[in-house]
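Remarks on the structure that follows.
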């Protein structure tokens with residue numbers, strides 16, 4: 001029999017051997033989570049979107065709204081100033097919201113939040129921006145003092161209105177296509193489920209048996225104490 005010291009030495013050698021073999025094993029668990037790698041690889045620019053019509057319109061809208069905002073910010077004197085303040089608010093809001101949507105679409109970040117209908121969101125943003133840019137440009141053109149900054153702001157305001165109007169038209173078409181696809185997918189899913197039920201006769205037999213059993217129980221239901229006793233004895 002081995003003594004206690006020999007057993008302790010044997011266990012120490014076994015543990016050190018297992019540590020060495022584990023360190024040299026090629027099947028080592030990675031310390032980097034899979035979700036982090038997916039998140040880093042997902043943040044890539046989508047050149048197809050930027051080269052498309054919607055991507056180019058988004059870039060044009062951001063640039064035009066920014067230039068219009070810069071032009072209106074260079075005006076130092078105004079009387080009355082309501083039209084200038086309204087144009088300033090519209091151009092700044094359109095620049096911020098459209099810039100955020102451009103980043104979301106160009107980096108495919110909207111794919112990570114499928115709970116939001118992004119086609120409808122883009123449609124609402126472009127429609128409201130078209131309306132408010134058009135009103136703000138008309139008000140500023142009617143109340144300006146014929147200065148260079150005000151004339152430039154009005155010109156870029158109408159150009160931004162045209163860009164948003166074209167984007168609204170394309171967004172409406174894209175939203176209609178998405179609604180049709182959703183309805184088609186729902187119809188195909190319903191047809192597939194019905195075919196699955198028809199192709200499984202055991203489900204149909206089970207439903208038929210349940211229906212016949214329920215009708216039998218209804219027919220044999222007791223209506224008097226004597227019939228109740230007879231039903232219990234049976």
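Residue 1 is the first one shown; counting continues down the chain.
Yeah, the Cβs are placed from backbone N, Cα and C, and that goes for glycine too.
Checking TrEMBL for transmembrane segment across the ranges 123-145, 192-214 points to 123-145.
Between the stretches 25-53, 83-111, TrEMBL puts its transmembrane segment entry on 83-111. The stretch that TrEMBL tags with transmembrane segment, taken from the ranges 59-77, 173-191, is 59-77.
The list of residues near the transmembrane segment (59-77) in space but at least 6 beyond its ends in sequence, with Cβ under 8 angstroms from a Cβ of it, reads 50, 84, 87-88, 91-92, 94-95, 98-99, 102, 129, 140, 147, 149-150, 152-153, 156-157, 159-160, 163-164, 167.
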